[in-house]
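S.K.: My questions will all concern the structure given below.
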């Protein structure tokens, strides 16, 4: 063991929290226990390793250690990596035995702050992978619920778990997810958002091709539909794929409401997404190119509102939209209460000041306000950011070509959406290709008792839900 210990010391050099504890035992002589004090549970180590070794009267070190997770480790590098995860290494003439003695860090299970609901489960994922997997096992206590673990990152050595339901998820989908995950080469992953950048089919698209959520109920529902899920250690957000354009406008609370209420709210979100993209560009197009199409009464109000404004409508709208984005970013970076105050007061004060200073018209302020409120109706935050970028693109086209420019821009977005896939599944499913059965839970949400089949676009092995 001298060579093993010397090599292990080389791997753990310049680590101030590394402890090399000599333990005198009556049975095995002097042993060395190596661990990192900062991430190891000292009491657990004393109870399951050190004390049994001192007082044990068995034939081997392995038999003396009272730990469930213990194994031989013949390689110094592997031992060093496990020690950096909170394990302890016991060096004896028999060899190296590693024991899991990691400290259990992490916060308690709390209410989701990203996807809050009035009704439904209140628990959410935490930064502990094992705890998150437990929340899902409680919802899916069946042996068909499979979990495959990967270690990604040459530096971070982050544990990532791929989840699916055997007999429901299509084998080709599972194989594709496994191949993509296993082929990733990078040094460190800090969040599942980083992971999605290596898994997505189209890296240059503004639209999200994965759904991120910290709600266990949403993940369990996705698994039951035949989707694939990734969990990562040290982050509370799961990745769900395949995802379609329509999935990103659904909220977990839709299934807690009466179906008529949910069927009213979903189209409202699509309308809000459209407003967030085109409302301000339409204002610019009408005032710069198509003022003759504006009703006379409204035209008089518009001319009066813009009579003393020195900028053309494009620069006026661009200034107000950029100001709105600055306010949003500032409120996000501020402490919670201060951020809320900044967003409300800043919006009112700047809007009123812009009108008084003749920088923007009052009608434009109304358009920008409706645009901002509409963006908050979109359940998926990444999709909200997508609508912002599209809005600025349409704004330029509106100033250049008027309504024809907006129509051209929307056509480009539609063509782009048609070409997107998520884990190989068309992004506009179940619209293109068309699956009539899946429309029971797309734009509308029909009664649950009518949803007897899983989504056809996922090609699940077991289509029926009512078995």
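Placement of Cβ uses the backbone N, Cα and C atoms for every residue, glycine included.
What TrEMBL says about a protein is an automatic prediction, not a curated fact.
Pasting the relevant annotations from TrEMBL:
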TRANSMEM  270-289  transmembrane segment
TRANSMEM  339-357  transmembrane segment
TRANSMEM  363-382  transmembrane segment
TRANSMEM  394-417  transmembrane segment
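Give me the local environment of each listed feature.
M.R.: For the transmembrane segment (270-289), the residues of the chain that approach it from at least six positions outside its boundaries are 249, 302, 306, 312-314, 317, 321, 363-364, 367-368, 370-371, 374-375, 377-378, 383-384, 387-388, 390-391, 394-395, 397-399, 401-403, 405-406, 409-410, 443, judged by C-beta separation under 8 angstroms.
Counting same-chain residues at least six beyond the ends of the transmembrane segment (363-382), those with a Cβ under 8 angstroms from any Cβ of the stretch are 114-115, 208, 211-212, 248-251, 268-269, 271-273, 275-276, 279-280, 283, 301-302, 305, 313, 316-317, 320-321, 324, 328, 347, 351, 354-355, 388, 391.
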S.K.: Residues sitting near the transmembrane segment (394-417): Cβ under 8 Å, six or more positions beyond its termini, same chain?
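M.R.: Contacts of the transmembrane segment (394-417) (Cβ under 8 Å, skipping residues fewer than 6 from its ends): 205, 207, 245, 277-278, 280-282, 284-286, 288-290, 312-314, 317-318, 321, 427-428.
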